[in-house]
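**Q** First the structure, then my questions, so here it is.
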């Protein structure tokens with residue numbers, strides 16, 4: 001039987017989580033898929049390209065598209081990310097507006113909703129109140145009412161915690177009901193359509209972002225140079241990658257005193273890389289300065305933006 005053979009009434013489609021930076025979109029994507037496919041960090045604007053996570057159910061296949069958060073851009077990179085996001089919205093079967101339970105709805109949320117309605121005026125909307133584990137029941141109730149009022153019409157609103165799993169299955173049931181009937185788009189063993197190098201570079205970037213403050217996180221980009229069998233150790237893969245920053249001072253911060261921070265980056269990234277490659281890994285990281293790459297069209301193209 002082909003993976004495209006589906007029972008009568010089977011539903012499938014693409015849903016995008018939309019919201020301000022740091023509303024928990026990537027964490028929720030991982031929770032629904034059941035495996036880590038999107039990196040997470042305490043800094044806003046971590047996601048840099050649409051990541052498709054695939055949820056398999058007996059009655060549906062849900063493709064969750066985790067996009068960069070819509071924001072008012074300060075760099076050419078920011079402008080390009082916003083364009084990617086808007087193009088993604090136009091192709092969705094369902095768009096979910098996400099707001100955290102522990103932060104009041106404000107002008108930023110309204111700006112995002114207006115942007116979504118301009119790009120995808122006919123696409124159904126779903127409201128999701130995230131991070132309910134961080135708020136009281138009364139706070140969650142107020143947020144649900146305010147989000148319902150913001151969306152207007154007959155849009156449904158669902159509370160969820162990606163951390164505890166509370167309401168996860170309820171949310172999947174609601175999403176399934178709102179998707180159209182259709183075929184499977186991916187085989188049952190696929191959880192994402194990201195290529196291996198992209199997943200590895202994102203894991204390294206996540207490890208590099210840990211503990212960073214101010215503007216430095218936005219200046220970090222990662223590129224995989226090559227993945228090769230180790231010449232001397234059987235069953236070991238050598239992963240060679242470059243971390244790019246914009247200034248020499250940023251390079252010094254990432255290397256750390258006596259190379260300690262760089263060592264932590266390697267230590268933290270290796271376990272997830274080993275999971276993906278299914279092999280022991282020697283991770284070789286170099287840090288290079290690529291001056292003002294966020295504003296340079298040529299360098300943005302080289303880095304895949």
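Please read every residue number as a count from 1 along the shown chain.
Cβ atoms are placed via backbone N, Cα and C, with glycine included.
Pulled these from Swiss-Prot:
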| type | residues | note |
| --- | --- | --- |
| DOMAIN | 11-181 | domain 'Era-type G' |
| BINDING | 19-26, 66-70, 130-133 | GTP binding site |
| REGION | 19-26 | region 'G1' |
| REGION | 45-49 | region 'G2' |
| REGION | 66-69 | region 'G3' |
| REGION | 130-133 | region 'G4' |
| DOMAIN | 212-291 | domain 'KH type-2' |
**Q** Please count the residues of the domain 'KH type-2' (212-291) that DSSP assigns to helix (H, G, I), strand (E, B) and coil.
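**A** So the domain 'KH type-2' (212-291) is made up of 33 helix, 29 strand, 18 coil.
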**Q** Within the region 'G1' (19-26), what mean pLDDT does the predicted structure show?
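**A** Across the region 'G1' (19-26), the average pLDDT comes out at 84.
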**Q** Among the binding-site residues 22, 25, 67, 132, whose Cβ has the fewest other Cβ atoms within 10 Å?
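**A** Output over binding-site residues 22, 25, 67, 132: least Cβ neighbours within 10 Å is 22.
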**Q** What counts of helix, strand and coil residues does DSSP assign across the region 'G4' (130-133)?
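**A** The composition, in the requested order, is 2 helix, 1 strand, 1 coil.
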**Q** Count up the helix, strand and coil residues in the region 'G1' (19-26) according to DSSP, in that order.
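**A** Counts, helix then strand then coil: 2 helix, 0 strand, 6 coil.
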**Q** Please classify the secondary structure at residue 67 (GTP binding site) using three-state DSSP.
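**A** Going by the DSSP assignment, residue 67 (GTP binding site) belongs to neither helix nor strand, so it counts as coil.
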**Q** State the count of C-beta atoms found within 10 angstroms of the C-beta of residue 19 (GTP binding site), not counting that atom itself.
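**A** Its Cβ has 23 other Cβ atoms within 10 Å.
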